[in-house]
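So the structure is just underneath, and the comments pick up after that.
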């Protein structure tokens, strides 16, 4: 009798192929399938040649070649394609079999699929996979959620192929029910947007404000790798700043300043609005990409307004250290806001997400991997009920130490004309979050004035609502239908 596969993978684009090869390297027998079956032969005769990888040429063939309970992982484009493959797979599966979606699916789709497939006796996992092509091949960060009964069967495979911390801990663990895994991956992507934009803002201040050369900036970022800023994105930025093209000039200087996006940052911002979480920095990072896409309009506006950037005066070494502190403090706010969003979703959906374990998932293997994720894990292990990351003693100390320089950098950027939407939004958030009293009292009075939305009073218990007839003409009826 032929040996059967431990897991099947559908989708032989680069991510799918690399995950399969990774699984094979760790001793798992993988059955590979692609809708265009010629790609199966190409894979088996190419990258998979000489391995124990098994080819399948139909979904029926795939199911027949798998050990029970069958485990089938979809590495296909998010959206309708996932549903199409699920429907096509169902006739070939049995009760208790497992389907895993390893794509960048939107978590409401995963919520729906978990429930719908459970009614058919199929266990569904929605798993975020981060790290790109290299991570898939050598160790990604994996964020599984969904039907927890399936986890025991998938866990040995996923934890074996995932990235590992220096202590050997797998950057993969169960996140929570329904779409928790894909939700956490979505927030990961949003934080990635924020991290990248923050680095770009620091780069622009150093380059255009301080007038530093690429050689000088590369040396600065290389030095920052030895601080709390140590991360994959700082690492690759160091490489990028030092990369010369064939003419010997910095290549990045010749790259058009328009940034693309695939939409996951936007998803994070939309969900923050839906959940009522002030995800200001990540949302600004999405808008920064939007502004960058208006290249022709920006050039025209630059000419119309005669926009110039005034050089920053003063000791450059002092300013460089101030920028480092501002970058680090802003990054803390970005992660703090991201975890606030994860917490809110976990509480609303009953996912019971472990926030310290989530930080560990990102410690290696993914784009936002960084040194201080270990400190985030420590903070949540010390206090699982930590609401705001900046309240932890370690991060509070950094924020307090950075605050003066952070303000100087943001204020100076406004003064000289350097856009810093994320650093500015980060410090503005902290100022708002640490304010015992905000001007929302006036805002609520305005709402009551034009819409009779009522208000609470500082001299009365919370939960008691009042309405004022501000003009003498509006009566005393509170609004229950009109809201702003």
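Heads up, the Cβ atoms here are built off N, Cα and C, so glycines get one too.
Going through 104, 111, 147 against Swiss-Prot, the one listed in the NADP(+) site together with 11, 12, 13, 14, 15, 16, 34, 35, 36, 76, 77, 78 turns out to be 104. Counting other C-beta atoms within 10 Å of each candidate's C-beta, the binding-site residues 188, 289 are led by 188. Using a 10 angstroms CA-CA radius around residue 104 (NADP(+) binding site), the recorded positions that qualify from 131, 185, 193, 453 are 185. With respect to their backbone Cα atoms, residue 188 (substrate binding site) and residue 36 (NADP(+) binding site) stand 32 Å from each other.
Taking CA atoms as the reference points, residue 11 (NADP(+) binding site) and residue 289 (substrate binding site) are 30 Å apart.
In terms of local Cβ density within 10 Å, 34 ranks first among the binding-site residues 34, 104. Listed in sequence order, 139, 140, 141, 163, 365, 366, 367 are the same-chain residues six or more apart from residue 131 (substrate binding site) with CB atoms under 8 A from its CB.
Taking only the Cα positions, the spacing between residue 77 (NADP(+) binding site) and residue 185 (active site, proton acceptor) is 15 angstrom.
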